[in-house]
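Marked as compositional bias 'Gly residues' by TrEMBL: 1-10. TrEMBL lists 1-42, 267-362 with the feature region 'Disordered'. Under the heading compositional bias 'Low complexity', TrEMBL lists 11-42. If you look up TrEMBL, you'll see 48-277 marked as domain 'Tyrosine-protein phosphatase'. The feature compositional bias 'Basic and acidic residues' is assigned by TrEMBL to 300-309, 346-362. Per TrEMBL, the feature compositional bias 'Polar residues' maps to 335-345.
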Amino acid sequence: MCAGSGGGGAERSALGRSPGVGSSAAAGPAGAPAAPPNTGTGAMSAAIEREFQEIDATNDWQARYLEIRHKSSDYPHRVAKYPENRNRNRYRDVSPYDHSRVKLQNTENDYINASLVVIEEAQRYYILTQGPLPNTCCHFWLMVWQQKTKAVVMLNRIVEKESVKCAQYWPTKEEDVMTFSETGFRVRLVSEDIKSYYTVHLLQLENINMEKKDPFSVDIKKVLLDMRKYRMGLIQTPDQLRFSYMAVIEGAKFIMGDSTIQKRWKELSKEDQAPSSEQSPPHPAKITTEKYNGNSIGLESKDQTEKNTDLPSKVQDGNIESTVRKRLREDRKANTAQKLQQMKQKLNETERKRKRPRLTDT
């Protein structure tokens, strides 16, 4: 966050002369045509300049000011006049309108003397607020935090013409940290750059009420809860939750360059790759199987091995491994189908027993 504390010249600006339509802002080399003006910007600045000159020539500023003031005086500002909010206003005649006031969140009283200004043409939002009072500095920083404000531009001094215009709401070099326990914020001065007509302060705003957490960690539980807002039953078992953690951990290690994980992923990706050649793959070798830990392990027959001795050993090994993996997948599917069939039979038997009429002794 950058807080700019301006001097007396910071709140005044001068309307400089701009090249009008048909004139040139810069001249090219001798004999070369003048650079074409930006007609859009040039026309706009020329129109504003003509209006300025007309008002200045007739000294009509007072009438223009009263017209603007009269047309904007009909909006209600009742909340600012509530008894509990009077000590939050610096001036009695400067109050935020009810329809555009900034509301503090998660507080008993949401009032602060600040207004949200929307500039639709520029697609920007601004907050205009009074210079904080000693009792509203905490509310000011709460608003800055909640509205995600990136910069604060201050257009006055703390004291002007022997009148206090603003409280000291940011830390100075003598006191580089300020804590606002009422709302739970700490402001730290990082740097101060004093210019000729203004000063730039780089400040760090910390919410001391938030739980401390590892900035390099990810709250997986929170992420899953957020995702479940969009899909019912995203995680259905403890094993799925455990797998989610494992997947995130392994993915993070892969991104960080863990060679073991990267090698494993590379090997897994090769399993599903299609043959690079457009020709049909050779027929698989004849396979005999034997049981090992309940799974059928493919073994290449001796006769077929002897027939393929003229092929490169790498091609043979690749075909054997591919065939074995395919056979294992088929066996797993068959075992799963068999188990499902057994479960269905048990359910059917249980259902028949439940529906069978009971025999009573007579």
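Sequential numbering from 1, following the chain as shown.
Backbone N, Cα and C atoms are what each Cβ position is placed from, and that goes for glycine too.
Unlike curated records, TrEMBL annotations are generated automatically.
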Where DSSP helix means H, G or I and strand means E or B, what are the helix, strand and coil counts for the compositional bias 'Polar residues' (335-345)? 11 helix, 0 strand, 0 coil
Which value does the mean pLDDT take for the domain 'Tyrosine-protein phosphatase' (48-277) in this predicted structure? 89
